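Annotated features in Swiss-Prot:
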REGION    1-56  region 'Disordered'
COMPBIAS  40-49  compositional bias 'Pro residues'
REGION    54-72  region 'Required for interaction with TRIB1'
CROSSLNK  K159  SUMO cross-link
CROSSLNK  K159  SUMO2 cross-link
MOD_RES   K159  N6-acetyllysine
REGION    176-197  region 'Disordered'
COMPBIAS  179-195  compositional bias 'Pro residues'
REGION    213-278  region 'Disordered'
COMPBIAS  220-234  compositional bias 'Pro residues'
MOD_RES   S230  phosphoserine
DOMAIN    277-340  domain 'bZIP'
REGION    312-340  region 'Leucine-zipper'
Amino acid sequence: MESADFYEAEPRPPMSSHLQSPPHAPSSAAFGFPRGAGPSQPPAPPAAPEPLGGICEHETSIDISAYIDPAAFNDEFLADLFQHSRQQEKAKAAAAPAGGGNDFDYPGAPVGPGGAVMPGGTHGPPPGYGCAAAGYLDSRLEPLYERVGAPALRPLVIKQEPREEDEAKQLALAGLFPYQPPPPPPPPNSHPPPAHLAAPHLQFQIAHCGQTTMHLQPGHPTPPPTPVPSPHPAPALGAAGLPGPGGALKGLVATHPDLRAGGGGGGKAKKSVDKNSNEYRVRRERNNIAVRKSRDKAKQRNVETQQKVLELTSDNDRLRKRVEQLSRELDTLRGIFRQLPESSLVKAMGNCA
């Protein structure tokens, strides 16, 4: 096991000595004496700090400046990391009473008039307090940064996101889509404008559409064009309120009354027929003849189907009887071959060969 490296150095001077404040005398509580009862000799001046070059000369140092981006050293560098700890320290300093004595007083020290701590108290500090005073003094040096307004300390800067991008986007959108007042609506019961007056309206719409055109990249799909409203009146509406052939037909019949007797072409209205006329009688006779013919054809097809079924049934019975006859002959031949001896079978096979 290697021993830990300890370095001998003079006691660290208080922070107030670097800010041109009167040097503080070493507290007698650090040596186990009550306050105000120390030796009579004057306090020794603080020792001059040793040059930094003589500290840890035998240790190895690494230069990491090559690995750090120089652009990262700005006023906001590591500000977010120390924000929380400094806020806690400021909150503690603000919570302390205004005349609450000094940072080096122990909690049980009596308080005199005006909030000042009585030096030494009536009975002195508790035993053993002087042994821990040195470590306590070293650990309470941090609040001096807050008590003394040091000019070298920078104020805490909170990083905020830039908002110039939002303003630039708004300006760009305003340049792409300028406000265009809508054209005044036409008065009611107005006739459609003639052809020579409709051209400026169309040019205005084309110009308006050209101003609001979006510039897309080659990879994006092109949106469908916006339909331009026509200045001409809408077509006639049909029976259901929709434009269609029915509405146009009604308008045509209204303008030409002589078309009503003709049935209206493709309309669903039935034609009025006189049942006592010869034409109606001839038509009914032709229809009856066609119906009789279709019925006779259906009956004939039915009779033909029945005859075909009878023929197929008779053929099936005849084939079944033939199969039964052949099966009986086969059984008879098998019985004959079983009764013959094997020698005769061999001779018969030899004669056949």
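Glycine residues also receive a Cβ, built from the backbone N, Cα and C atoms like all the rest.
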Helix, strand and coil totals (DSSP H, G, I; E, B; other) for the domain 'bZIP' (277-340): 62 helix, 0 strand, 2 coil
Averaged pLDDT, computed only over the residues in the region 'Leucine-zipper' (312-340): 94
